[in-house]
């Protein structure tokens, strides 16, 4: 049995609480002989700043480079609002993405049958929802230069952010989306703003070319990003895989998240390119939710997104798809049984703490393994 090296980065706020439930699951998998994991732990975000005055140390980055997968919690909080910009907690996350060359962000939006009532939309609109949003992660306006604020000297300031995309960046994210669609329902929707942005014109052109050359068997459609956001709310089940740039992907994935009822339910994966020699890729897995400092330490956090993120690591980095399927099933069974953390509680449900939810999911995994 191969041993997989994992780096666990809990981060700040509820990150430590939800990561504890991943550790619980890993410990059980190791003890049961189902899998073999070797784990390292590191600081990131505000926790790293408090210890080392940086958002992530070079030593922790070296551990990330050497791991088969990075499992990331959440960073940030009001405590660090006044720290230098380059050392802000979010800078640790951005460095991980950039140094590991994690260009593809996968955000599934899945509505479990037991939670259709938790959505703000009608149950029939979201029941059975299963969307994958593929967001380009290392280009666009978040990384483009120049990025400045200039004092104009007349009591005014000017801020500049730069949206930049090259052909190869669009090609590789397009291929990720098309490859995923082939394993799902064979449809890709590309979203941009070609009506007002030159990067949108290029994005549309390149995605169309990649489709024509390599993926004619996959259905492709284009939507403007603002219209696409409207359609996500109006008729979300029309979508299978959505591919879009960094900025729009950030927004659209949060819209999709709330279709499911809670940010606490949604995982994500950030993937690098496949190494031609090893066949492996750098990858990081994290919940979509933030550090939620207002509920940190109270046992209220929902660990499902964190556990589901670990499930994505099993599927996309560790070649353990069957185990990932069982984890998905365990989560669904526990929810169907009526267990809920506070963020997804409903009439007649049993409200449980972070650790109780994590323990219930691990117990269900045990039952599924006989």
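Every residue gets a Cβ built from N, Cα and C, even glycine.
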According to Swiss-Prot, 97, 107, 226 bind substrate; which of 88, 135, 213 is also listed for that site?
135
How many Å lie between the Cα of residue 85 (NAD(+) binding site) and the Cα of residue 142 (site 'Important for catalysis')?
14
Would you kindly give the Cα-Cα distance separating residue 254 (Mg(2+) binding site) and residue 77 (NAD(+) binding site), rounded to the nearest Å?
19
Taking only the Cα atoms, work out how far residue 254 (Mg(2+) binding site) lies from residue 107 (substrate binding site), in Å, as a whole number.
9
Please name which of the recorded positions listed here, 81, 142, 250, 300, is nearest in space to residue 135 (substrate binding site), Cα against Cα.
250
Return the residue, from the listed recorded positions 85, 142, with the maximum count of other C-beta atoms within 10 angstroms of its C-beta.
142
Position of peak Cβ density within 10 Å, selected from the recorded positions 97, 135, 193:
135
Inside 8 A of the center formed by the CB atoms of 226, 250, 254, which other residues of the chain have their CB, for the recorded Mg(2+) site?
225, 229, 247, 248, 249, 251, 252, 253, 255
